Ligand SMILES: [Zn+2]
């Protein structure tokens with residue numbers, strides 16, 4: 001609601017809900033380009049040393065758990081004495097989690113919001129996290145509301161703690177109630193806090209409930225202002241980054257690279273593989289080009305874990321770079337469509353994302369590279385929705401021929417417009433403008449025809465006085481039924497004289 005200016009986060013490029021941004025982290029003296037991946041570091045056991053994360057993988061930011069540091073005597077003393085950057089030997093920004101996750105897993109932690117924030121500041125954290133209540137999915141609405149109230153009280157308390165240059169995150173909870181997520185987002189946005197994790201989505205991801213995850217994030221995004229940096233807390237599998245970014249998430253954290261490596265699991269953007277099942281390594285990272293699967297399997301446990309962890313990280317950072325390039329090129333949704341094919345539940349996630357096309361449309365650029373129609377889901381993209389809205393504002397003559405074929409000859413009509421599935425009708429003068437320059441398959445599908453028919457219907461409803469005639473190439477009856485009765489029809493395919 002407050003919509004106050006956030007000087008530490010600047011948006012540079014957008015595509016659908018995705019964006020490239022710059023998160024300035026004043027205490028670390030660094031600017032992190034987003035979307036960014038924060039590798040999770042357990043100070044008690046690092047699979048890959050933080051210095052290596054920075055030097056070899058280009059990690060600009062990582063996350064570690066202040067609750068674990070607080071609870072481990074020797075680590076705590078060293079963190080307080082030397083600071084986190086020295087302790088971890090990491091030159092970039094360091095975010096700390098508060099232990100809320102431990103709270104959700106083990107039911108109880110023994111520190112207050114003030115104590116844990118002051119501790120995070122004392123150990124030199126650059127972005128701190130208050131102790132919120134990570135309400136799990138599917139709880140009663142009453143519980144979700146009650147716990148959200150507690151989280152909101154703690155965020156308000158966190159605002160009053162003297163934190164200096166340290167940024168402080170404001171987790172957005174609300175379980176699987178999108179309206180509560182929205183309310184939580186609006187409340188968090190109204191505070192003076194800086195970074196906005198969408199919390200407690202890990203159980204959804206563990207159960208492959210990407211559709212519910214999308215609804216939760218979409219709710220939170222509706223409450224947050226556009227310049228709020230959003231962290232999808234606990235999302236570390238590269239398969240779902242493109243989906244998360246397209247929803248408007250800017251920060252991801254990965255413990256997966258290390259946890260999976262420990263279990264001999266090999267990450268790919270199309271899902272997880274077990275090392276024992278691999279006869280080939282479908283990757284060109286240094287690990288995969290210097291080992292065969294047999295050689296990896298033959299390594300001692302700790303070495304194999306490190307090598308697999310390195311591969312997992314390479315794949316993860318590679319996907320983040322691919323996503324940034326897709327945003328820059330304006331084809332993020334094509335990438336999401338590809339990733340959606342990795343798993344049926346990812347497809348559910350993408351289809352749910354398209355339920356929020358109107359929300360995505362607000363940040364989608366008016367013009368970008370060519371729109372590629374690559375699946376029937378493409379018919380529901382924000383660009384199609386925007387074109388349909390635009391149809392209501394276009395001026396039309398008294399009689400108009402809408403056609404998939406040649407313009408009308410003679411003076412039967414005042415004008416002829418093109419019809420192109422999935423967009424529907426448009427004046428020929430717009431043919432060269434985005435998204436009507438789209439590349440569409442010659443063998444069109446039902447979803448594209450239905451979307452085109454909806455466009456015709458939209459135009460007809462906005463202009464009841466205009467005589468509309470549609471020249472179509474044998475659209476099925478079920479598609480034609482979407483049109484108002486007063487649109488005259490002519491089947492161009494049956495007219496081969
Ligand atoms: Zn690899």
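Including glycine, each Cβ sits where the backbone N, Cα and C put it.
Automatic, uncurated: that is what TrEMBL annotation is.
Computed from a predicted structure; not experimentally measured.
Annotated in TrEMBL:
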ACT_SITE  97  active site, nucleophile
BINDING   132, 200  substrate binding site
BINDING   283, 285, 288  Zn(2+) binding site
DOMAIN    17-344  domain 'tRNA-guanine(15) transglycosylase-like'
Neighbourhood of ligand 1 - recorded positions from 97, 200, 283, 285, 288 with Cβ under 6 Å: 283, 285, 288
Cβ-based neighbourhood (8 Å from the centroid) of the Zn(2+) site, residues 283, 285, 288 excluded: 281, 282, 284, 286, 287, 289, 311, 314, 315
Residue 200 (substrate binding site) and residue 97 (active site, nucleophile), distance between Cα atoms, whole Å: 13
Neighbour tally for residue 285 (Zn(2+) binding site), based on other Cβ positions within 10 Å of its Cβ: 16
Alpha-carbon distance [residue 200 (substrate binding site); residue 288 (Zn(2+) binding site)] in Å: 34
Collapsed DSSP category at residue 97 (active site, nucleophile): strand
